[in-house]
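> Copied straight from TrEMBL:
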- 4-68: domain 'DUF1899' (DOMAIN)
- 77-119: repeat 'WD' (REPEAT)
- 127-169: repeat 'WD' (REPEAT)
- 405-467: region 'Disordered' (REGION)
- 424-463: compositional bias 'Low complexity' (COMPBIAS)
- 510-564: region 'Disordered' (REGION)
- 516-541: compositional bias 'Polar residues' (COMPBIAS)
- 552-564: compositional bias 'Polar residues' (COMPBIAS)
Amino acid sequence: MSFRVVRSSKFRHVYGQALKREQCYDNIRVSKSSWDSTFCAVNPKFLAIIVESAGGGAFIVLPHNKVGRIAADHALVGGHKGPVLDIAWCPHNDNVIASGSEDCVVKVWQIPDGGLSRTLTDPVVDLVYHQRRVGLVLWHPSALNVLLTAGSDNLIVIWNVGTGEVLVRMECHPDTIYSACWNWDGSQLVTTCKDKKIRILNPRSGEILNEAIAHEGSKATRAIFLRHGLIFTTGFNRSSERQYSLRAPDALGDPIVMVDLDTSNGVMFPLYDPDTNLIYLCGKGDSVIRYFEVTPEQPFVHYINQFQTPDSQRAVGMMPKRGCDVSTCEVARFYRLNNSGLCQVISMTVPRKSELFQEDLYPDTLSDEASISAEDWISGSDADPQLISLKGGYVSQAQSTTLTVTKKSNVLDKMPPRGPKSGGPPTSSSPPAGATTTTSNGSPAANGTSPASQANSQQQAAPIVVNGASEKELTELRTKFEDEFRKLKAIIVKHENRIRSLEATVKAMADRGTTETDGTLLNTSTPSPTITAAGNQSATPQDDHHGGDGSSHYTNSNLAPDEV
């Protein structure tokens, strides 16, 4: 007699329940962009959704208590000149959100407590570096003000938002970057690309630590780091069937698990809860949310259940564990947008009879405090994220702070030179378009005006040193360059006069009846004059073997007829 032993798990009976319509958000014009993004970002204070907007890109920010039907003229965040493609809340400041757009600019915004009363168009800082649309923004899990952006220019750029400068520039992808994800302490990065490969990178140097083919299909793939180091991916096989896989970082090409799901063509977004090791798969255009548990026992990725809805989803966002209701044993909360404009709130709960705090369901979770600064991270320090207990409910340990951006003089000194793929190379002493530098008294200097020229007007100004060169050496170098420019200009004028002389000669030849046919000069009257070419070499016509047509050829081995 054989029987099947049911796997023991406290999440076997997780079930989802949609809140009533009056507890959801309605009349939202969700974006119709074809870019593969969740279009939604949630934190314990706000819900942000990318919306359709005429004359540029915008997204709406709603406090959680503002439910019901949203007015058509509700205030937006609308400073982009192109459609917004991705948004992400800062994990260490619930009032700060970053957005990437088709206008190639990344903007960081400060949202006031209570939401917006009027349309916000002034960001805290503009991050200008990408040359094509920016479709991915991602904050570092433990370092303060470290932001990753990726665009269709195949570049990954890591910023220090606090100073507005570029920390790292990675140019190791040959095609469009689909997704990126930090590991638990932010020491490694996993990316997926249009070339079907999955890569593990060193985020400080851009070095590829390992790479392999992720899925054989040509559609978009996505990958995330799990808490204990494994990598979970979603994609398509050659028959366009959707798949998911589990891989070890040191054996990317040999998946631990590879499972085919269905034949739908919507890209699947894996949403991960590191506290419970649950993975939720939400596909664009799907009407279901599947969830799985990752365990050390085979088959390692265990299917639990799925939440079914009657209509398909356009976008989805997942609430951090800090925003879940521990009194009802809620382990996840999703904000699911339909094409009809309804943002449906779905609560995933584990049924328990006791009303006490369930410590097994709620281990210490991610806090809103940063572990290290951006300067410490780029210098080589790594740290696990700060954790807090949810016993008694979440209470923010950090006061509501305003993001301040301190622009540095010579911001690009630490920036690697830009290669040919990313446009013109800015020098170490000229900031990019949109950036500003500051003088010693803190006043901004416009592009084209160096901090040195403004500091000279101040009394007792200290000598300025740029890349180890003093002000005197820079002046001498400038004088030398000006002399070279004058010489080059004289040479150009000389050659211009010579070109005009040659053009006059050719015109005179044409007036005398000389024509050029197939590289041969046909002389129908008098012999043409001798033409002096470069290097004082003359080209004279000589009689060749006449075939009765009276033609003659130039026999100068140094000049081709078209050069004359």
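Placed from the backbone N, Cα and C atoms, the Cβ positions cover glycine too.
How about a rundown of where these features are and what they're close to?
Applying DSSP to the domain 'DUF1899' (4-68) sorts its residues as follows: 3 helix, 24 strand, 38 coil.
When pLDDT values are averaged over the repeat 'WD' (77-119), the model yields 95.
Sorting each residue of the repeat 'WD' (127-169) by its DSSP state yields 0 helix, 25 strand, 18 coil.
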> With DSSP as the yardstick, break the repeat 'WD' (77-119) down into helix, strand and coil residue counts.
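With helix first, then strand, then coil, the repeat 'WD' (77-119) has 0 helix, 22 strand, 21 coil.
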